[in-house]
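S.K.: Just passing along the structure, written as structure tokens.
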Amino acid sequence: MLIGQVSRLSAIPPLALQHTLRPLHSSSVLAAGGKRPKQSPSHSRNSPRQKPDWEKRGSNRGRSEQPRASRFGLKSSGTTSFRSEPPRARRVISDSSSGSSASITPKGQHVPTSSRRLLPFSSSDTIPKPSHRFKLEPATMPPNLTPRSFNRDDGVTEEYINGLPAYPTPPTTLANEEQARPRTFDDFGLEEGLVKSLKGLYGEDGKTTPIETLSFHHFTQPDIASAPIGSQRVLLGAETGSGKTVSYLIPLFHHLKRTDPGPSVTSSFFADSENTLHPRSIILSPTHELTRQSTQFAKILTHNTKLSVHGMSSTVSGGVGEKRGSVDVLLGTVGSLRRMFGMTRSEEEQEKEDYIRGKRIWQDEQEKGMVEGDKVEWVVIDEADVLLGREFYLDTISVLSQVKQANLILCTATLPPFLINLLTTNPFFTKKEPFIHLLSPGLHKLPPKLLTRFIRPSTTGNKHGDVAHQVRLTLAEDAKAAKAEGREGEEPSKIVIFCNSDKQVEQVSGILGTKKIDCLAWTGAGEERLRGRNGSLNDFLQRPHLPGHEPPAPLPSLEPRETKPIFQDKNGTTPNVSQVTRRRVLVTTSLLSRGLDFHPSVSSVFLVQPPRDVLDFVHRAGRAGRAGRPGRVVVFGIDEGGTLGEGAKNNKGGKGQGPLKKDGKTALGDRLKDVLGKREVVGAMGKRVRT
């Protein structure tokens with residue numbers, strides 16, 4: 001057995017099992033349409049105090065109505081009521097090598113929450129420990145209120161290290177290079193059909209990635225194969241573009257095939273098979289786009305094993321379609337599964353996810369429960385830090401509650417402290433064996449061949465103009481490199497631009513249009529987001545296929561039109577670009593930043609606005625440079641020191657070299673430097689300043 005490959009967390013004390021803990025904060029930046037959840041403006045200091053919220057605990061007040069401060073456990077001193085006001089000044093402890101020093105966080109300045117940062121991987125004796133005891137609230141506490149142990153007036157001192165809360169997080173470790181070394185697909189004793197599919201995709205000499213090695217080795221152990229259903233609880237963590245989807249799909253298919261009851265079990269096996277669907281496994285994803293891509297990839301991997309795969313986001317109705325009886329793998333969003341399990345919402349509680357372009361996804365006859373969880377053996381939660389975060393936690397738990405007993409796999413590219421804490425303190429997850437952690441050595445690192453390019457602002461202050469100029473320069477640079485390397489016949493390079501809101505997407509795409517740069521604007525409520533299919537988005541997504549099975553051609557743009565060349569060489573000609581071209585620039589939000597595998601032609605990712613924190617940065621930047629390919633992330637609004645927002649704006653003269661902020665104003669700071677690889681600073685006109 002591979003020694004040291006996994007780390008088991010200590011069992012929770014029996015007393016803690018008597019209480020309930022909701023997740024503190026969310027690691028989710030995904031709301032409907034890729035928008036961030038709206039928050040009520042903070043009250044002024046002279047505004048009247050609110051009535052105690054303890055009286056409202058039985059109410060069904062929506063999360064969107066909850067004041068920002070109460071979400072984060074901020075309360076005024078001397079009262080038990082939650083109040084929407086900025087936090088008071090707090091002591092911040094610095095663990096610099098020169099010694100510890102204390103500073104005061106200015107009043108009214110929001111300290112980043114502990115869930116919006118990356119888990120530090122240090123030896124257990126150096127992990128910061130809070131000075132206070134971690135207290136769990138009684139089960140009567142409603143899920144929309146924050147545990148009092150993180151309130152400001154509970155009489156407990158809270159420590160901060162480098163401006164971040166010292167979260168009471170159990171330690172965990174990464175696998176080492178030897179444990180995660182590449183191995184051939186034949187080394188693990190996988191089902192023959194799965195090995196054949198893997199070799200068809202990655203070649204006869206193909207080898208595993210680190211997270212695939214860890215996962216395949218663990219799930220093919222003899223004791224795992226014979227373990228009872230419900231005993232397997234695994235957390236898979238690896239950097240973006242490292243094969244996490246394969247790392248959970250292959251073991252899942254391996255065990256489903258080993259326990260396949262055979263062709264004798266048909267739809268007629270179930271008494272109510274004409275009306276319901278009985279999946280053997282469920283895969284949850286945060287978005288319809290990711291669900292569709294995972295469904296397509298799952299069908300490719302099971303081509304030689306003949307397992308049945310059904311994706312709910314691939315149907316026009318958004319449900320199970322005409323599928324009934326038994327199915328091996330069912331993929332869907334949390335909202336889709338809630339519907340199919342019969343957990344409907346009132347009109348006031350209906351999510352925007354239920355609508356696309358103003359039309360309902362669901363057909364009336366599919367609003368009632370059409371899926372039964374009695375036969376589910378495996379549940380996979382993809383992008384677990386999102387689905388177990390604030391915005392999706394209650395819905396995710398409600399779906400899991402419909403499954404009587406199943407093995408559980410969590411998959412994530414970022415591991416915020418709240419997730420580990422949740423899995424080791426929440427009774428929902430501590431009723432059984434502790435989670436086994438399979439963490440890649442490269443977790444919380446950007447892809448090794450991804451170049452980070454910081455763009456200094458121009459003296460004109462026209463950021464959108466700078467973006468358009470950088471788009472032209474980047475595509476020209478890619479065309480020149482392709483010509484030099486003899487790759488002129490390949491698909492032209494593409495760019496994905498991330499914005500923080502739908503409105504910003506509209507603004508950026510409009511400016512690019514005026515600059516004769518045709519682009520695809522993709523938002524939750526966008527005109528090109530279709531029900532049941534990706535449409536023009538397929539131009540930018542990976543299209544895997546087995547030998548002899550060519551991938552479906554991506555759909556052309558809805559309104560193809562002639563476009564002028566967006567760049568020309570010295571002779572005035574446009575290299576490798578036809579007069580009628582597909583769109584090569586995608587402008588979107590965080591809606592597409594989670595889990596999606598973009599086509600190799602996507603060479604660059606642009607971050608037009610500063611990301612909210614390092615988690616956002618890692619996920620957005622990780623859409624390029626995937627699977628060992630070179631790529632670049634072009635960053636606007638952040639200088640090379642990692643300063644965000646106002647810190648970048650305050651740099652006069654377009655220098656972009658302001659001092660690194662360490663006052664807790666943002667969550668990047670030192671953590672940004674930890675995830676970056678190769679980097680360079682470029683002026684607004686494209687001249688390299690330094691590397």
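Cβ atoms here come from the backbone N, Cα and C positions, even for glycine.
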S.K.: Per Swiss-Prot, which of 162-165, 178-181, 382-385 is motif 'DEAD box'?
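M.R.: Here Swiss-Prot associates motif 'DEAD box' with the stretch 382-385.
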S.K.: For the motif 'DEAD box' (382-385), what are the same-chain contacts with Cβ under 8 Å, counting residues 6+ beyond its ends?
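M.R.: Sequence-distant neighbours of the motif 'DEAD box' (382-385): 27-28, 235, 245, 248, 283-286, 290, 294, 410-416, 419, 594-595, 615.
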S.K.: Same chain only, please: residues at least 6 beyond the ends of the motif 'Q motif' (183-213) with a C-beta under 8 Å from a C-beta of the stretch. Say none if there are none.
M.R.: 175, 220, 236-238, 242-244, 246-247, 250, 253-254, 257-258, 300-306, 438, 440-442, 544, 546-547
S.K.: Just give the helix, strand and coil counts over the motif 'DEAD box' (382-385), going by DSSP.
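M.R.: Its residues divide into 2 helix, 1 strand, 1 coil.
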S.K.: What are the other residues, in sequence order, whose C-beta lies within 8 angstroms of the center of the C-beta atoms of Ala238, Glu239, Thr240, Gly241, Ser242, Gly243, Lys244, Thr245 at the ATP site?
M.R.: Thr209, Ile211, Ser247, Ala413, Ser440, Arg626
S.K.: Please report the three-state DSSP label of Thr245 (ATP binding site).
M.R.: helix
S.K.: Comparing the binding-site residues Glu239, Thr245, which residue's C-beta has the most other C-beta atoms within 10 angstroms in this structure?
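M.R.: Of the binding-site residues Glu239, Thr245, the highest Cβ count within 10 Å belongs to Glu239.
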S.K.: To see if you understand the setup: which same-chain residues, six or more apart in sequence, place their Cβ under 8 Å from that of Thr240 (ATP binding site)?
M.R.: Ala413, Leu446, Pro447, Val618, His619, Ala621, Gly622, Arg623, Arg626
S.K.: Show which residues of the chain containing Ser242 (ATP binding site), separated from it by at least 6 in sequence, have their CB under 8 Å from its CB.
M.R.: Thr209, Pro210, Ile211, Ser440, Gly442
